Amino acid sequence: MPSALQFQCHLVLIFLAASKGETRYLEVRDAGEDDPFLLLSEDLKRELSAGQIYRRSLRCIDMLSIEGQFTFTADQPQLHCATFFIGEPEELITIDYDFVNIDCRGGDFLKVFDGWILKGEKFPSSLDHPLTTSQRYVDFCESGNIQRSIRSSQNVAMIFFRIQQPGNGFSVTVKKNSNLFPCNVISQTPSGRFTMVIPHQHRNCSFSIIYPVVIKISDLILGHLNGLFLKKPSAGCAGMGDFVELLGGAGLDPSKMFPLADLCHSFHGSAQMKIGCDNTVLRMVSSGKHINRVTFEYHQLDLQETETRKENSIEEFCFPSI
């Protein structure tokens, strides 16, 4: 059975509560029977030959994981629409406006958000993103031709829009660009393996898995300098400049999730944990003084595994929600 957060991501209806100068937030509600995650199709990717451009119309609520040209034309007033874009962990997303015909003065809008936002919760969180919240919005009605190409800071981005006049709409081209050091990531799949590297950068990076999972950390290097591991005090991670934390919760924003475990000592081996939360996040905090690296793998937690929990699982917080 899908979790609450998965349901929100699958069936999204975006609400804008803002006029110019006011705080902007989005809300997710039940949007019907359409499942945008069905569009994350590997078969479609395989069918497209090299150099072929994929084209199709957008739905009011949509989700895309493939490059191409996408067009929305209103057949009736559309007040609360959004398209969510997601790439592979090592990809950034570029959105180019090809054609826009909306009535900005009449109350229409077309905005890009750098990341995802659901029910007012953002990914990446405000603590982990290089831009302020206001800088993460690009409003076509304010920027016009000045900024017709927007690139995301991570593997997810979104547009949300209101078009009231039938026949009006827009067309965008979506491209993927490689990211040598992926930082904030939402996983497309419930299982995988990933290595996160932060090379002498003062930043925080989160890897979000929108499923209850078993996560296994196989390699952790913190405070690596000239081939030597710096000696760490025996106390916990409080006050450390470099550490990894595991978070769990029912929402999208890592800063609002419950801390489940901290790791602030380098090790080679295996550390496994079962986390039954709707959303599991591995977050690395880096002081910028060292090269930090963590390798982990994960797979979706099934019912049988929840019934045979071991001592290194987090039972008291998240398992009741499965």
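Just so you know, glycine gets a Cβ as well, placed from its N, Cα and C.
Just so you know, TrEMBL annotations are computer predictions that nobody has curated.
Bond annotation: of Cys237, Cys277, only Cys237 is listed by TrEMBL as forming a disulfide with Cys264. Rounded to a whole number, the C-alpha distance linking Cys81 (disulfide bond) with Cys141 (disulfide bond) is 16 angstrom. Cβ environment of Cys318 (disulfide bond): Pro212, Gly248, Gly249, Phe258, Ile275, Gly276, Cys277, Asp278 lie under 8 Å away, each six or more residues apart in the same chain. Each residue contributes its Cα atom, and for Cys60 (disulfide bond) and Cys104 (disulfide bond) these two points are 18 Å apart. With every protein chain in view, the residue among the disulfide-bonded residues Cys183, Cys205, Cys237, Cys264, Cys277 whose Cβ has the most Cβ partners within 10 Å turns out to be Cys277.
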